[in-house]
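Asks: A single structure is presented below for examination.
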Amino acid sequence: MTSQTFPGDRADVRIFAYALALILPPMLAYNRTPSATQLNELVCVFGWGLCLLAANRIPHGPVRRGATLWLALALAILCVAIIASWTVGSLPTSLALPPALMLVAASFVATLGARVAQGGDEDGLQAFAPFAIGMVAVGSLSALVSVIQVYIPRLADGTLIAQSGIPGRAVGNLRQPNHLASLLVWSVIALVPLVEWRRISRWFGLAIGVLMMAAVVLSGSRTGLYGGTLVLVVWGAVDTRLSRGTRIALVSSILFPVGIHAWQWLSEHLSFVPHAVGTATRVGDGDSSHFAIWRNTIELIRQQPLLGVGWGEFNFAWTLTPFPHRPTAFFDHTHDLPLQLIVELGLPLGLLVLGLLVWALWQGLSRALATQGEAGHGARAAWVMVVMIAIHSLDEYPLWYAYFLLPAAWAWGFTLGSGPAPKPAGEPTLSGVVGGRPIDPGKLVRLSSEGSGLRWFGVAMMLVALISTWDYWRVSMIFVDDAGLAPLPDRIVAGQSSPFFAHHADYADATTADPPSKALGAFERSTHSLLDSRLMMAWADALAESGQTERARYLVARLKEFDKAETEEFFAPCVDVTLPVKPFQCQPEPSGLTWRDFR
């Protein structure tokens, strides 16, 4: 097959694939309980599978072998940690398979990014442009959605445009302001090479950039505004290869965080100034809950420094460890990537993974800087995107979502594949042939350059996405109130057979079983997803009914630490003076138990 007939070598095919992978997932407003973003993630997996299927061939010539080696090694270690937590630990199958498969997918997508970087034209247009176009398109659409959510909320019907649950703030169709802000800053970064290549005029690019940064303000995300602006300003200040106008525009983005401080003051003191919205309403807000969860995490690391609590077990271990002054929200993540890896993997393995990631990030920077000419704009933009999401990961956990993880993996791979490839030591010869003649790359097709492995894995990703969508749909029927459906117990049993989403069915079983002790098996699995008040009360009742009163009393003691209003009825007997004998939830906490006694 020649380069003229190979589908992946056609720019229009790649643009369509990247558009589907980048635009549709964040713009999908439709969702089904129990997860508001599960369908978005499945669409993302399908779209990136299509990108792998459309992988182009690498032109003959020097190529960089093992470009993503250190990044892939870090992801492989994480996969091993997941398998260990699943097989040796107590992590349920439905909480182990999705992240393990997603990390494998991220490794392949990173390889695709590296491949694309080596297969682009010298001017860089064919390499980074499809990705950049998709990012700018989704950022522009998300900015328009943001304006509607804040200023014309009646148009947000919940089907095409999600309704904001936070008055005065935009949440995008992902329904999460921090996610919206990071997506918008990514789009601003991707806009830069398109402007430099004159794919977009400077004035039009400036208008789009201002619109997207204004939408960041409307999101109310301080992480996105301050962290994103910091990245843009530093990039504009140090990248001397960018045009003067682009550098001025990037540095000028500092006006947005400065402006919101002035906006809040002016709106309070001058009647004709519109009321502040978005981030401008949160200038003086603190974020003590994050500092509190970080302190608790450090204490958990101190208690289990070598092996950690196990992948996916942070919420379980944190909830069931005594913390008298804990934050009262139910955290399923530390809101800091380094702390998350260390507390779950332990100090040795966590630091090893972080070291590999930092080394891969440094490699990406050095190769992006070595990329000359127009192609360098795309390589450096890709690296800045990775840095930006890394900064976001110091305060949130965006990489736990496919629509951030897979684009970040592609961009990271792109930086690692950039730059001039090492020159071979000598002319290659036919292997295994004594005195073999030199290979003529114009006559011989190298199988390694055809990308068949990537395309087959792309097909697998698309199939898994379709099957998982069907699987999630049947599990979601548990949470639908329709008289025409099968009885709830039957739907729960069917959902518990799901390899990817059984924990949702287990939660429904554990919180609806009567008596609760009938669902002890469901408690063993559902409690490893997210322990909340409802689940903890039902679990305590089930333990007490089955004679495990000491464990029930310990669990109740942890529940009290959260001080939730919804537990008042549960603890009402403890203040009822007419009861001569108090139930288990009123008795003292036992000693000698830890969170590991509940695994």
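The backbone N, Cα and C atoms fix where each Cβ goes, glycine too.
Dumping what TrEMBL says about this protein:
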type     : residues : note
DOMAIN   : 170-192  : domain 'Protein glycosylation ligase'
DOMAIN   : 209-353  : domain 'O-antigen ligase-related'
DOMAIN   : 381-560  : domain 'Virulence factor membrane-bound polymerase C-terminal'
TRANSMEM : 12-30    : transmembrane segment
TRANSMEM : 36-55    : transmembrane segment
TRANSMEM : 67-89    : transmembrane segment
TRANSMEM : 95-116   : transmembrane segment
TRANSMEM : 128-152  : transmembrane segment
TRANSMEM : 179-196  : transmembrane segment
TRANSMEM : 203-219  : transmembrane segment
TRANSMEM : 345-365  : transmembrane segment
TRANSMEM : 400-417  : transmembrane segment
TRANSMEM : 453-473  : transmembrane segment
Asks: So how many of the residues in the domain 'O-antigen ligase-related' (209-353) end up helix, strand or coil by DSSP?
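Replies: With helix first, then strand, then coil, the domain 'O-antigen ligase-related' (209-353) has 94 helix, 0 strand, 51 coil.
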Asks: Near the transmembrane segment (453-473), which same-chain residues lie under 8 Å Cβ to Cβ, leaving out any that are not at least 6 residues past its ends?
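Replies: For the transmembrane segment (453-473), the list is 8, 32, 35, 38-39, 42-43, 45-46, 48-55, 101, 105, 108, 111-112, 115, 498-501.
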Asks: For the transmembrane segment (12-30), I need the partner stretch with the highest count of C-beta pairs below 8 angstroms, choosing only from 36-55, 67-89, 179-196.
Replies: 36-55
Asks: Just to confirm my parser: what is the rounded mean pLDDT across the domain 'Protein glycosylation ligase' (170-192)?
Replies: 96
Asks: Are there at least 3 C-beta pairs under 8 angstroms linking the transmembrane segment (345-365) and the transmembrane segment (95-116), leaving out pairs fewer than 6 apart in sequence?
Replies: no
Asks: What residues in the same chain, six or more past the boundaries of the transmembrane segment (345-365), come closer than 8 Å to it by Cβ-Cβ distance?
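Replies: Residues 68, 70-71, 73-74, 77-78, 81, 301, 304-308, 311, 338, 382-383, 386-387, 390, 412, 415-416, 418.
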Asks: Using a Cβ-Cβ cut-off of under 8 Å, list the residues of the same chain that are 6+ residues beyond the ends of the transmembrane segment (67-89) and lie near it.
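Replies: Hits for the transmembrane segment (67-89): 96, 99-100, 103-104, 106-107, 110-111, 113-114, 118, 310-313, 344-345, 349, 352-353, 356-357, 359-360, 363, 409, 412-413, 416-417, 599.
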Asks: Using DSSP, what's the helix, strand and coil tally for the domain 'Protein glycosylation ligase' (170-192)?
Replies: 16 helix, 0 strand, 7 coil
